[in-house]
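Asks: According to Swiss-Prot, the feature disulfide bond maps to 334-387, 363-369, 381-462, 419-446, 489-511, 500-521, 506-540, 534-545, 568-605, 572-610, 583-595, an assignment based on similarity to another entry. The Zn(2+) binding site annotation in Swiss-Prot covers 403, 407, 413. Feature annotation from Swiss-Prot assigns domain 'TSP type-1 3' to 905-961; the stated evidence is sequence analysis. Per Swiss-Prot, the feature domain 'TSP type-1 14' maps to 1589-1652; the stated evidence is sequence analysis.
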């Protein structure tokens, strides 16, 4: 371990050394950047695969060049890793160039400098450069980089934002691409002085408009802007076709649409010069970051950033005028960008907005240049002002571009007051300035709301047009899928070259040679292209063969369910209820799109009209700002705001514009009126979420109800009649035209001028009281205006006097009578006035009346309240209730009231009292006072909420009390002996009650005190049986046994079995059963080959699986036990047949008796590798003669040639031994073996030409001369072997070899070696050796001397062995003790293993008994009881006597018990606390000068009790309570005459005084009390003063101000005069001296109790409810300073103020930890997703079987398709090979016969929340694609015995909040099993490959598959 730490430290310091070596080679531009940084590092990124593994050094990756022709295709995904700031960063990147338009163009203005740009080169296609992704697999940590010319971009880490860029050389050139290219990385934390001066932007749209146009001309400003737009659009519309009208069709609001911001980027000359040829890559990297920020789901909308044009200005005069003034530069750029834009939306070069990136400082003034950007607010669709500028500051500029672009979308800063209302506590993209704690990748909730409102209110219509051509996306198709391996070889080595088989495909691309003279395979040390197939369902990715389904894909957002409707926005007049849904099922991830569709829905509510006299809803919203001048210059503090209707644009009708009463100035006070506010006075449409929506006169959304001409909603025009008339006579002055009554509607008055020209007749309007509303007092209103009739909601429009047709009109119902007049002056032409209006029918108006006897309303109070009847409008005929509108013209009657709830009373009641605060002496206690409802008739009292008693004065909540100074407590005896010696027992003791004076009391006197008389003891563990894990089944098939070791242990020590209960000893053997063994099956014997004499007969012998009834390969059965398939047979002797008779045999009979005969196989044609075997085959007749093969044609011909395979060996060398000499020259040696599958074989199987050296020379330091007189003796070399080269005896591999026959052609035949009996050295292998003749029949005679061995040793290396240390000390010197030692399992090289790797039965004991002899005379220590404590209070000691006794209880000398440890004879004890003296602070000196006395209070105090009698303290230690003091020297004083005063203005005095002042020797005025007043002569005169009233005011003395506890205070009385005049107010009372007061003052003494009493005290209210329903929240209460009379005061001391808020914890949301709890506590029986508290974190769990008694918990797998298990079905026909280098191929020599094959995919997995394990065998939420179901995290195959696993499993718990524990282990089962498991760094992903012949892996049965919360 320490070596690893040392190496880590060394590598760290080496990395620092390498980093520092780059620091001096900066380009001037980067050097200037570095100077502004507080920290930076230089790193060298490494390209890695997705598991973080570095690619081989031989594989050189050439980073992409910034050119249109790529040297190599860039991968769709890539990974880089580097270490900086003490952290490891891995960037997982995916190609993304979607922010570039398909028609993206680059424009150069001015002539580029020679050498920096290629004049003839077209625009570079840099789409292959840009990538985005995540850091360390964390979704919240984003990364955006360009890979061209290095890594340039930014990413977010745990500690903030980081920026990365390749380092440029000082001469401006780049470092060569390759592995050693240095990069500069720095954090956002620029140095403080630099950072504090930077702001995103300090000039907003409102400020710019404020300086250019005053607010009161807001409407004119809009009109001017509209005129300018019409001019621009009108000028261009002549040449622009209108074929794209669909693009500007108005979309439905409050629906999420995709938006496309087409942007033009302009770089000024300084930026172009600074970045040179890297400019395009740099600018587009910035825009790639911007596009990623606008893709973040926190913005709440789907917004695409599309770069359509990049303009590069090489000469300043070619671009806009740029100077230090930011506002001017912005204005110039906005004008210039219009010339670069094509207003046709379908044109590829059209842009919605434009950005200027400049290196010029952006200043708001000459002295203030701290802005990073500037833009207009909300002008994204304004072609004149949709533009912004940004100062280039490196990669950080991407965030400022995103920020300024947000302003054009109407988003304000995160510190905006509106954002504060939304409780935005953290800054995001729209932070007001750069800060250390901002999060620039995401958007605040406030910004999200701004963007959504901006788009929903129609200001982003221009962003709806999607580019006609598809946005360019990098192809996701991998290159290897287009060019297979053979095609790649042809491209690399020429036509005809193909991929080499049997080699790891994905590591390197190996290809065959095209030159016949040089056969073999070649590679360029690069892997094949990503996407090259490497097996079924697999392909190559970054040098690895991975599953095609493991790719991370973007996740598009989907809408969640609708939330409940909100409360109604209005109580009457038509309110709105809204419901929303969120894009969170799921949320968009990995760059997925935001949801598209409706996000809000609405419905009308409370549609009844408001009662008469109710304030207008918009007027009410304006009045909320009354008295608020909003920091607007010129607005008074008592301002009154009125609603503004005229002069407001159509789009702005739902904003709250209010005007200052009495003026025409109006201002925008809120961006949005409340839902349900009418859009205007002339319409019934209402505002919803800032938009004007259609509504009817019935206040219902989308209603078609309209008001008829009579003013009735939904009426039929039958309830009124029209009055018309003409007035045309006049005289000078005002003439009455017509009187319009209340209730009239549709008033229309028109005055036609004389001869169509303006004349001298003017309409005027007045109310019933004669007050003119306009044109009164011969003053005319020439312009159009709207008049609100005071006290009504009636609005009357007037056209203005300067019109040929002067008009007054109003559609509303007139609530008051008005008078129409005409003013005639000048020429006195007759006026021509036409009027018309509607009035209700008289008979209809009498049909309705008010009914004051409607239903009773609710009682105003709980007790002793009032209630009134509701007044309703009814029809006189049938008394049916109708709308109140029908009675609006009638006066409202008085309400009918009555008393209610008279059967009860509300009272304050004391329901409880606390204990007295002082147990001894005076104190106070708290009263629990609550409001109680007392039932008069029933006599019952019920507690109600305190607010019901709010009109009654609440009694004080504290009262005085007195403690009895008696304290009680429990005293105890000693504990008894424990009932058990181990495993948890119990002991007890006696208790009795005593007081503080030592007197025993009855137990009930202490019953309120806690008493402990029993407690647990000896809770340590008893010896118990322990068992190791079960071994694997001792058979590979069929029934067998498994074993384990069982021992008795105490903690970790082993004891003899006698210490444990034998009856509970676990079993050490257990039966086990595996799959049915394959066995040999024989058929019946066939007929004898002859009809007489000797012959043989054959039978079928097959290897079968009886359970599956399947025939297997013979290799599946044990060769040595194979039954014979041939035996001899003897029939009756044959009669002699002569040659003549033979010749006469029928030919047919000869043919029928012919059969095939074959010999044995020859040795393999090669010594190792793949070869052939041969044997002879011939047709023999009945006489065993060679016959024509046609005679045997009726039988199948046996094969003559057969493929054979013998593994080849390879040389393996051990470690070199130490040099044979200690100095000078020597030799070193090592062992070299020919190995095959970790087994040494004969050296003939290895190539002797490449055999490694076994010996070499070594040189050390020269030997000293003093030691060179005698030659050193030769040293024998030692052989050092590495751990993977075991030293074994040389074995002869005679597998399948033939020994030459020694007896009549007979020969030994050998079978294959069986499996090794041990996994390490010391094992044995068996094989069958039989003697056969040349025909393959069993024979009895072979040369015994040449018989091959049937048995050989085997094992890949030395076995681990038990090793143990020395015994420790015995725990006892006699009477039986134990001693222990360390016993471990380890290899000879020292590597320590777990115990189960060694033979458990041979483990040496680690604990044994010792000193079993009896102790001498069986003596022991006797312990007397403890004495009482030596101190009555405080600390003391207890003592006891301990002496040695024998078995007869006789006392002995202590030396006889020396072998036994003596118990302690004393111990510390503590009684009650001792009282102590307490001294207060010294009082002031008794004199002001000279010598005096100081005093202080000293008393005896007991901590926790308070003051006690002084006899309880030690008098000798009492502090002094008095001491002498000395003030300044006394001085002489005298009186000085200051002249005579006039008569005093005070009362009661009847003379004036000559004022005398008391002064010292230096004539300094001093206090008069130090001077003798008898020496002052007074003269006076009589005065007449008014009479006086006097009061006596008492107040507390200051003695109690700082003294709390037991002390005294004196109530001081002083007199105050009150003059009789009424002008004086109470706060001007003046105190005068006592002698002047006719009231006798009283002086009283009171006792101060605990805390000082004040004139006012803090009063607290009730705690509010917790601010959250679950988790940690805040509770608040009111804390006020109140006098005893209940008045507010400021006399309370702040340091005594109680807290006004405190934390609270509501655990409702965390109270459920299992689905069972949810089922029981919430009575839920529905399966579904619920949130559970698992180990302190809220996790979403699927609860299944909720209708059953025991529900189950399942974890939903977000990446469902990446959770699968597979048992591979193919089996190699030759299992002793691994073709295609372990990759899967469908054309393998395989059969698909594995019975257990299957493939299962999981969507949910069951978890056990108690053990925190996954139930891998629960398949409820799984889908088996084919074959058998496979448990979770399990894989296997029956493919190969050559470490070539094909079975796979995958686990991906990303997004679930859980991960696999690091303690997870996998167990292997079967034969020849091998396992390879990869784990991600965060533990959420596992990928495993398992298999054998046959074999599988599964989670360990002991630990299961443990999981834990992330």
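Keep in mind that glycine also has a Cβ here, set from the backbone N, Cα and C atoms.
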Asks: Tell me, roughly as an integer, the mean pLDDT over the domain 'TSP type-1 14' (1589-1652).
Replies: 44
Asks: Select the closest residue to residue 595 (disulfide bond) from the following disulfide-bonded residues, measuring between CA atoms: 419, 511, 572.
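Replies: The answer is 419.
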Asks: About how far apart, in whole Å, are the alpha carbons (Cα) of residue 572 (disulfide bond) and residue 381 (disulfide bond)?
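Replies: A Cα-Cα distance of 38 Å.
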Asks: Look up residue 419 (disulfide bond) in the DSSP assignment and report helix, strand or coil.
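Replies: DSSP call for residue 419 (disulfide bond): helix.
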Asks: Within 10 Å of residue 534 (disulfide bond) (Cα-Cα), which of the disulfide-bonded residues 334, 369, 381?
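Replies: Cα filter at 10 Å returns nothing.
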Asks: Helix, strand or coil for residue 595 (disulfide bond)? Use DSSP.
Replies: coil
Asks: Among all chains shown, work out which of the disulfide-bonded residues 419, 572 has the most CB atoms within 10 A of its CB.
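Replies: Comparing the disulfide-bonded residues 419, 572, the most crowded Cβ belongs to 419.
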Asks: Select the closest residue to residue 545 (disulfide bond) from the following disulfide-bonded residues, measuring between CA atoms: 369, 462, 511.
Replies: 511
Asks: Taking every protein chain shown into account, which of the binding-site residues 403, 413 has the largest tally of Cβ atoms within 10 Å of its Cβ?
Replies: 403
Asks: Taking the Cβ of residue 511 (disulfide bond) as centre, how many other Cβ atoms lie within 10 Å?
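Replies: The Cβ of residue 511 (disulfide bond) has 25 Cβ neighbours within 10 Å.
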Asks: I'm trying to understand the geometry here, so how far is the Cα atom of residue 462 (disulfide bond) from the Cα atom of residue 446 (disulfide bond), in Å to the nearest whole number?
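Replies: Residue 462 (disulfide bond) and residue 446 (disulfide bond) have their Cα atoms 23 Å apart.
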Asks: So among 419, 489, 521, 610, all listed as disulfide-bonded residues, which is physically nearest to residue 583 (disulfide bond)? Use the C-alpha atoms.
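Replies: Checked the disulfide-bonded residues 419, 489, 521, 610; minimum Cα distance to residue 583 (disulfide bond) goes to 419.
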Asks: Cα-Cα separation of residue 506 (disulfide bond) and residue 500 (disulfide bond), in Å?
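Replies: Cα-Cα, rounded: 12 Å.
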Asks: Could you check what DSSP calls residue 534 (disulfide bond) once collapsed to helix, strand or coil?
Replies: strand
Asks: By a simple count of other Cβ atoms within 10 Å, which of 462, 500, 506, 521, the disulfide-bonded residues in the record, is least packed?
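Replies: The disulfide-bonded residues 462, 500, 506, 521 were compared, and 521 has the fewest Cβ atoms within 10 Å.
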Asks: Quick check: of the recorded positions listed here (369, 403, 419, 446), which one has the Cα closest to that of residue 521 (disulfide bond)?
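Replies: Comparing Cα positions, the closest of these recorded positions turns out to be 403.
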Asks: Using DSSP with the three-state reduction, classify residue 521 (disulfide bond) as helix, strand or coil.
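Replies: Its secondary structure by DSSP: strand.
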Asks: Cα-Cα, whole number of Å: residue 605 (disulfide bond) versus residue 407 (Zn(2+) binding site)?
Replies: 36
Asks: In the domain 'TSP type-1 3' (905-961), how many residues does DSSP put in helix, strand and coil?
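Replies: Once the DSSP states are binned, the domain 'TSP type-1 3' (905-961) shows 4 helix, 32 strand, 21 coil.
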Asks: Determine, to the nearest whole angstrom, how far the Cα atom of residue 413 (Zn(2+) binding site) is from the Cα atom of residue 489 (disulfide bond).
Replies: 58
Asks: Across all protein chains in the structure, which of the disulfide-bonded residues 369, 381, 595, 605, 610 has the highest Cβ count within 10 Å?
Replies: 595
Asks: List the residues of the same chain that sit at least 6 positions away from residue 387 (disulfide bond) in sequence and have their Cβ under 8 Å from its Cβ, in sequence order, or write 'none'.
Replies: 330, 333, 334, 337, 353, 354, 355, 356, 375, 376, 379
Asks: Expressed to the nearest Å, what is the distance separating residue 403 (Zn(2+) binding site) and residue 381 (disulfide bond) at their Cα atoms?
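Replies: A Cα-Cα distance of 17 Å.
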Asks: At the level of the C-alpha atoms, what whole-angstrom distance separates residue 381 (disulfide bond) and residue 540 (disulfide bond)?
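Replies: The Cα atom of residue 381 (disulfide bond) is 48 Å away from the Cα atom of residue 540 (disulfide bond).
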